[in-house]
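Participant: Pasting in a structure now, in structure tokens, and then I'll have a few things to ask.
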Amino acid sequence: MSKTNESLLKRRQAAVPRGVGQIHPVVAERAENSTVWDVEGREYIDFAGGIAVLNTGHLHPKVIAAVQEQLGKLSHTCFQVLAYEPYIELAEEIAKRVPGDFPKKTLLVTSGSEAVENAVKIARAATGRAGVIAFTGAYHGRTMMTLGLTGKVVPYSAGMGLMPGGIFRALAPCELHGVSEDDSIASIERIFKNDAQPQDIAAIIIEPVQGEGGFYVNSKSFMQRLRALCDQHGILLIADEVQTGAGRTGTFFATEQLGIVPDLTTFAKSVGGGFPISGVAGKAEIMDAIAPGGLGGTYAGSPIACAAALAVLKVFEEEKLLERSQAVGERLKAGLREIQAKHKVIGDVRGLGSMVAIELFEGGDTHKPAAELVSKIVVRAREKGLILLSCGTYYNVIRFLMPVTIPDAQLEKGLAILAECFDELA
């Protein structure tokens, strides 16, 4: 009996908790670069990239070769028991790429949430303080601490009770929705006045470009003001680059373009080229704040994932993927603005590098998010062979996270499909 999407999704429903969501009713069978085929043989252009995990594409040959070579040597020891060179080398290479002219160290773990959890642990240990300030619209993960940091309750933490204490919420700057940079800084000052003194705050954590929140790009001026505020009060600045990192924004880390040096940087997703690896990198004296045994994990920094990540770094250099990311982003934004010129429902085209999004409003009114239309476009695009992702606090944003290795012809085809969807539905 041949497999179908429907039959496998029925099995999924019976076997997998409903809390594990499903964006598209599709079961993937194989993939290559920016193309995915489902179990029924249908072909899709992938503008989702596993949610920013596949900047180097599905199954990049050099990444797969590195993994195969590592599998022939060593699959696991637990780094805390027996060290191995791929972890050490990757820690060195990430430290070279993190902004800052000072000694750095790198912790490797497995998921983005785990990286953020450890960044908070390190910040608290280094400062002797407990408080953390995060922003409205932020997304930092699905573990309890990261849920507390995340600035959206539904669907992430609804019904789960109180989140961990010591977390305070500042306004994220977003001129489109009436929150200026001054408003954001003032909201932090209000926290200092009303909720926690500056000397009780260990860290401020921020995404250089908000991910799930809607791809709002923080300006260079705002990031510099935030850096100055942290320096004034001895607060550590954590840049959550889980989604922005690994070249998505046209530089390896987005903060390179924003004029600031974070104390700690988290990374994950595309660093592993499809393999699970993440980490925290930062000033050596801060990273060393926790005593031996306080950091790590059984699978943290798997030798297989480290081999994949090292190959990803080489691919970025050999194939000039930072430049390619910028070029893909420029063409993408130009194509989206062409669609916008015909359809005023697109209120904004924005992004940094190839981390690009469009935001839709009914009748062009920024007080009326067009969430229903976004949902319809995502469905129609899939029916036409294009995989899209939505996001945003109001569910009215379409984000684009295709591999930066996508061929030009396929990028153009994807844009043409998207234009058709707007012509039919908007």
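Each residue, glycine too, has its Cβ placed from N, Cα and C.
Feature table excerpt (Swiss-Prot):
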BINDING   Gly112, Ser113, Tyr139, Asp240, Glu241, Val242, Gln243, Thr298  pyridoxal 5'-phosphate binding site
MOD_RES   Lys269  N6-(pyridoxal phosphate)lysine
Participant: Of Gln243, Thr298, the binding-site residues given in the record, which has the fewest other CB atoms within 10 A of its CB?
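Facilitator: Among the binding-site residues Gln243, Thr298, the lowest count of other Cβ atoms within 10 Å belongs to Thr298.
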Participant: Can you count the other CB atoms that lie within 10 A of the CB of Tyr139 (pyridoxal 5'-phosphate binding site)?
Facilitator: 24
Participant: Three-state secondary structure of Tyr139 (pyridoxal 5'-phosphate binding site) from DSSP?
Facilitator: coil
Participant: Which ones in the same chain are close to Glu241 (pyridoxal 5'-phosphate binding site), with CB under 8 Å and 6+ residues apart in sequence?
Facilitator: Glu207, Pro208, Phe253, Ala254, Thr255, Thr265, Thr266, Phe267
Participant: Would you kindly give the Cα-Cα distance separating Lys269 (N6-(pyridoxal phosphate)lysine) and Ser113 (pyridoxal 5'-phosphate binding site), rounded to the nearest Å?
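Facilitator: Counting only the Cα atoms, the answer is 11 Å.
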Participant: Measure from the CA atom of Lys269 (N6-(pyridoxal phosphate)lysine) to the CA atom of Gln243 (pyridoxal 5'-phosphate binding site) and give the result in Å, rounded to a whole number.
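Facilitator: Pair distance, Cα basis, whole Å: 7 Å.
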Participant: In whole Å, note down how far the CA of Lys269 (N6-(pyridoxal phosphate)lysine) lies from the CA of Tyr139 (pyridoxal 5'-phosphate binding site).
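Facilitator: Distance (Cα to Cα, whole Å): 14 Å.
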Participant: Return the count of C-beta atoms lying within 10 angstroms of the C-beta of Asp240 (pyridoxal 5'-phosphate binding site), excluding that atom itself.
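Facilitator: By my count, 30.
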